[in-house]
Amino acid sequence: MGDAFIRHIELLGYEKRFFPSQHYVYMFLVKWNDLSEKVVYRRFTEIYEFHKALKEMFPIESGDINIENRIIPHLPAPKWFDGQRSTENRQGTLAEYCYALVNLPHKISRCLHVVNFFKVRHDDMNPVTDSQIKKPEVFLLTKDSKKNPTDITGPIVLQTYRAIADYEKSSTSEMPLKAGDMVDVVEKSENGWWFCQLKNKRGWVPAAYLEPMDGPDESEEQEPNYAGEAYTVRKSYTAVEEDELTLKEGDTIEVIHKLLDGWWVIRKDETTGYYPSMYLQKAGEVNTSVKSEQRNRSAPPRRSTIRNVRSIHKQGRKQISQETYRRNSRKYIQKQRNMRGNSQNKGNVIIEKNEPEDNKPKAQPAVPPRPSKDLILNRCTESTRRKIL
């Protein structure tokens, strides 16, 4: 058999990876002349360096001598900072580049430079990961991506938030902040810790220290649900503030309001208060390694405990007092009790209606009224008239 060469290269999509730091890699399905098919992963910076070397190897075909002779396709240089949006939008161009590359003359498309670049590497089969960091996120091209290259599954743009106060990190997985810093939010966890990036730094930041650029973020919070969701306490917590609750591991409670800073309003019997969401687990849900890891972390700071907050949205935020939570919660509990009482009464009425017919008293015919004397004299027989005379 002759030398190996590539028959076809298909761009499948891209992956967002978080180890050793957040970055993006493109996924290619490479079809070889021996009919084997392999999936390889390449960063765009690698692809661009490959492209530059290819142009140097074939100066005529790259148009360096005469631009009219160029047949090697163009490829834009990487941006200073390649985020998810640029990675996503570049897919159409990259798919066209690969198609043109394998259709170049054999001296280019089958040269060792091309073959070696798309060969399977060790990290293609066993990518380097860290069990303490979330798994890569995969974004695949849609079937009609050639018609609309930007129609990809998954989010399009990372949201930018502003730090409202200084924050000093307390662990290596966190990221410090200065008031006014602009960060891109990669992941919003409901436990109140958000994974953010600031230039070349990345780490977890308390959501309470961040505000959106375009207005208050109440719209992202759910409305209170006084019906409540059943949860179980996974870790004990002793209240620090007056409006917090002290609970023990194994207690069953109801969550009535999920807030972005990771401090949820919960109900225990008829008492309401704040509790760290990361110490709660939905009733019946299976425990996972990620949740076990969260259980060992400290609770994030609450919005109300951040001193000297310089926030343009501080006055505009919707505030619900603890008394409002308690009052509405008691109303809901009383309403449920009344509904249960009415349903029991209705049930009793139905039982009475369904009693056997033999036990019911039979209805008596109605007695007609006695006719008047004038009516008897006018209409009755002579015999009847004599009886009243």
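Here the Cβ of each residue, glycine as well, is placed from N, Cα and C on the backbone.
Among the features that TrEMBL reports, compositional bias 'Basic and acidic residues' is placed at 352-361.
Residues or ranges marked as domain 'PX' in TrEMBL: 4-125.
Within the model, the domain 'SH3' (156-215) shows a mean pLDDT value of 83, rounded to a whole number. Residues annotated as domain 'SH3' in TrEMBL: 156-215 (among others).
Sequence annotations record features per position, and here TrEMBL assigns domain 'SH3' to 226-285 (among others).
Feature annotation from TrEMBL assigns region 'Disordered' to 335-375.
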Please count the residues of the domain 'SH3' (156-215) that DSSP assigns to helix (H, G, I), strand (E, B) and coil.
3 helix, 30 strand, 27 coil
